[in-house]
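Student: Below is the structure I would like to discuss, written out as structure tokens.
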Amino acid sequence: PFITLSLFYSLNFHFLLLALFILPFTCNIFHSKMPEVVPNFSNSVKLKYVKLGYQYLVNHILTFLLVPIIIGVTIEVLRIGPEELLNIWNSLHFDVLQILCSSFLIISIATVYFMSKPRSTYLVDYSCYKPPVTCRVPFSTFMEHSRLILKDNPKSVEFQMRILERSGLGEETCLPRPIHYIPPTPTMEAARGEAEEVIFTAIDDLMNKTGLKPKDIDILIVNCSLFSPTPSLSAMVVNKYKLRSNIKSYNLSGMGCSAGLISIDLARDLLQVHPNSYALVISTEIITPNYYKGSERAMLLPNCLFRMGGAAILLSNKRRDQYRAKYRLIHVVRTHKGADDKAFKCVFEQEDPQGKVGINLSKDLMVIAGEALKSNITTIGPLVLPASEQLLFLLTLIGRKIFNPKWKPYIPDFKQAFEHFCIHAGGRAVIDELQKNLQLSGEHVEASRMTLHRFGNTSSSSLWYEMSYIEAKGRMKRGDRVWQIAFGSGFKCNSAVWKCNRTIKTPTDGPWQDCIDKYPVHIPEIVKL
């Protein structure tokens with residue numbers, strides 16, 4: 001009875017925290033400034049240990065309450081002699097009907113619980129496409145091509161140079177071969193060629209890693225935002241690998257850089273209703289047909305940031321895979337701001353005045369991304385933050401409402417919920433803003449910055465290059481939690497939370513194989529070209 005009562009009050013207390021956490025969190029997290037650092041106090045060793053002690057106490061409060069009760073009950077039982085315990089047992093009268101009814105009730109409840117419990121989704125392994133060195137585009141090559149292609153518009157060339165100088169990209173990013181021609185040749189045949197090279201290479205590598213055979217694949221999901229041929233890319237994969245005729249295949253397009261996590265969410269839902277299945281997810285963006293050849297500045301920006309890349313991910317709901325799988329999917333939270341006109345049009349494919357098609361990036365993009373992230377973490381916060389952080393936020397909120405409205409709002413420390421952060425490498429500004437607003441250290445955003453530097457913005461697959469970077473550095477340990485955050489057109493902000501199943505050995509292959517030793521590198525604010 002004591003344990004049941006304690007659990008009851010503890011659960012209700014947490015539900016109260018969650019209810020109070022959601023509404024005000026939206027108003028405060030992004031519109032507030034970062035807390036000021038107080039010299040010689042906030043960084044003191046004593047305060048550090050006080051905070052650690054507080055976190056440990058609050059996060060384990062239920063244990064501290066139950067242990068004395070259990071000890072007291074145990075001592076009381078030991079004080080009662082064996083004869084008295086035997087007398088108490090003999091004095092109990094058991095009715096056969098009551099025993100049968102109780103047993104049936106317990107079995108029924110247990111059956112309903114296990115039948116309604118969601119199936120676990122495991123990430124067995126994944127593979128990232130590494131472009132050949134022949135596709136490399138150094139700054140000098142990119143700018144030379146820009147001057148030749150836009151020779152009648154020197155201001156647009158200068159604009160691209162300024163963007164490239166501040167982009168955070170390195171000298172080893174890659175573009176598909178048709179873009180290397182002067183002028184570029186973005187034909188349908190060339191686009192299909194790029195898709196086949198990227199997707200098939202990633203799938204072949206994944207099959208070699210996992211021993212997966214084509215006939216084992218039950219679900220296939222391919223996401224590519226801007227290139228949507230007929231037959232679809234998913235049909236192309238089915239044809240190449242001669243997949244089963246009853247395979248459940250899906251092709252997602254037009255969903256932007258966050259489509260990778262949308263595909264993961266779709267795969268998870270399908271694995272809930274199809275037991276004992278494998279799901280193959282392909283995330284990529286085909287650059288060839290989407291290289292803008294006009295002179296509008298807002299539409300030239302993607303040319304400077306987007307580079308070729310792709311990833312293949314194998315998911316499973318088979319119990320036997322829980323031991324070999326790298327990660328287990330914990331949460332997926334999706335936020336869609338498409339009801340707002342500005343958010344809907346902030347990343348928009350359109351024609352320029354000369355009739356050339358490109359992607360127009362709005363000046364309001366960062367503001368809209370901040371609003372979307374605010375809504376997303378308002379939802380994910382109560383799911384992942386420890387009780388100590390939620391309690392601090394609650395107390396600060398009460399203090400501001402009752403005592404002093406000028407108190408600085410408390411921004412929860414998401415470092416208490418996650419060991420690793422994979423922030424979509426959409427651009428330097430995106431990473432900077434998230435680092436500032438979530439109060440992350442340089443090491444927490446290292447994977448995102450180095451991925452942007454080495455591979456550029458590879459759209460929906462960038463999260464997997466970042467995960468691969470963390471593994472290549474030997475930092476992924478059993479029990480570690482990973483937060484993947486991605487943004488996409490529409491406008492969307494999506495999050496996925498993974499938990500590492502086993503300590504991952506430093507891989508001997510992968511996209512970082514030949515360069516991981518030189519990373520991290522210093523990335524200056526401006527690279528003079």
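One is the number of the first residue shown, and numbering goes on along the chain from there.
Heads up, the Cβ atoms here are built off N, Cα and C, so glycines get one too.
Found this in TrEMBL, in case it helps:
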type	residues	note
TRANSMEM	12-31	transmembrane segment
TRANSMEM	52-75	transmembrane segment
TRANSMEM	95-115	transmembrane segment
DOMAIN	113-401	domain 'FAE'
ACT_SITE	CYS257	active site
ACT_SITE	HIS336	active site
DOMAIN	419-499	domain 'Beta-ketoacyl-[acyl-carrier-protein] synthase III C-terminal'
ACT_SITE	HIS420	active site
ACT_SITE	HIS424	active site
ACT_SITE	HIS453	active site
ACT_SITE	ASN457	active site
Student: What Cα-Cα separation, expressed in whole Å, is found between HIS424 (active site) and HIS336 (active site)?
Tutor: 17
Student: By CA distance, which of the active-site residues (CYS257, HIS420, HIS453, ASN457) lies nearest to HIS336 (active site)?
Tutor: CYS257
Student: Could you check which of the active-site residues (HIS420, HIS453, ASN457) sits closest to CYS257 (active site), going Cα to Cα?
Tutor: ASN457
Student: For the domain 'FAE' (113-401), provide the mean pLDDT of the predicted model.
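Tutor: Residues in the domain 'FAE' (113-401) carry a mean pLDDT of 93 in this prediction.
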Student: Which of HIS336, HIS420, HIS424, HIS453 has the fewest nearby Cβ atoms, counting only those within 10 Å, among these active-site residues?
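Tutor: Among the active-site residues HIS336, HIS420, HIS424, HIS453, the sparsest Cβ neighbourhood within 10 Å belongs to HIS336.
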Student: To the nearest whole angstrom, state the Cα distance for the pair HIS420 (active site) and ASN457 (active site).
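Tutor: Here the two Cα atoms lie 20 Å apart.
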